[in-house]
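A short worksheet on the structure shown next.
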Amino acid sequence: MKFLWAALVVTLLAGCQADVEEEVKLGQEPDRWQAKQPWEQALGRFWEYLRWVQTLSNKVKEELLNSQVTEELKLLIEETMKEVKAYKEELEKQVGPIAQETQARLSKELQAAQARLESDMEDVRTRLAQYRSEAQAALGQNTDDLQGRLASHLRKLRKRLLRDAEDLQKRLAVYQAGTHEAAERGVSAIHERLGPLMMEGPLQAIPPSQQLRERAEAWGQKVRGRLESVGSQARDRLDDVRDQMEELKAKVEEQASQVRLQAEAFQTRLKSWFEPLVQDMQRQWASLVEKVQSSLGISPSTKPSKTK
């Protein structure tokens, strides 16, 4: 039980440190995606295309008004996911005598990381499609506000994309290392079992302490994997909430500006309505006073004399 609590504390502390390091990495994005495997090269092409879109040059603005950009991104997403799948299948072919439970866990974590990366890439394409619709609706008007919001969203999506791409890269490395380690462990176990049989005859049983150690290592890996998964999900949810709050703030500010403009327009309209009415009432009152004075024989320009 003490070992469990110690493992949890160490893992949580490591997670906190990883969050700090992650913010530093996101603040210092690399000039280009360092590509080694085919899937990384495909992702690099998506990455470079996104950087070009973020410039929001006149050429980009022109192509954003049609479906060319989103179609290009769709092809790049399909190419990247195809290469990731091919690389994963290549690793699976290299799997040696690995425990079924370990393989299932590693495969599940890898699929989750792959799904997050694909979702990030699709979010970029969806946001650009949304901008195209908004820009076409506001054609002929000032679109600086739309471009500002698009640039802000693309920066956030790019950070999330970088983080999840690095996570997928690490998961693939762990999967590859796990298969190699399992294969080496399987070959070593065969040698340990067959060696004494060939030299001495009887098979030697695996020491109980070794079995306990292997079980403890497997249990530790399982706990660490679950904690990493929970931490990643929590960070994703926090990012989503932060993005939603910023979008809500922008919408509230926009609606407040619209309400203020509508109130000013309504005030101007009310003034235009009531000014003629007030002027007409003043004219009618002056006419009434003049008639009363005329009926009483009082000249409007003559002041009444004082009685002695």
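Here the Cβ of each residue, glycine as well, is placed from N, Cα and C on the backbone.
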Exercise. For the record in Swiss-Prot, which of the ranges 10-20, 43-53, 153-163 is the region 'LDL and other lipoprotein receptors binding' one?
Worked result: 153-163
Problem set entry | Contact ranking winner - 119-140, 141-162, 225-246 against the repeat '1' (75-96), Cβ under 8 Å | 119-140
For this session: Would you kindly list the residues that approach the repeat '4' (141-162) from elsewhere in its chain, counting only those six or more residues past its ends and only Cβ-Cβ distances under 8 Å?
Result: 25-26, 29, 47, 50, 53-54, 56, 61, 117, 120-121, 123-124, 127-128, 131, 134-135, 239, 243, 246, 250, 254
Seminar exercise, completed: Given the repeat '3' (119-140), its same-chain partners at Cβ distance under 8 Å and 6+ residues beyond its ends are 46, 50, 53, 64-67, 69-70, 73-74, 76-77, 80, 146, 150, 153-154, 157-158, 160-161, 164
For this session: Select one residue from Lys159, Lys222, Arg224, Arg226: among these binding-site residues, choose the one with the most other Cβ atoms within 10 Å of its Cβ.
Result: Lys159
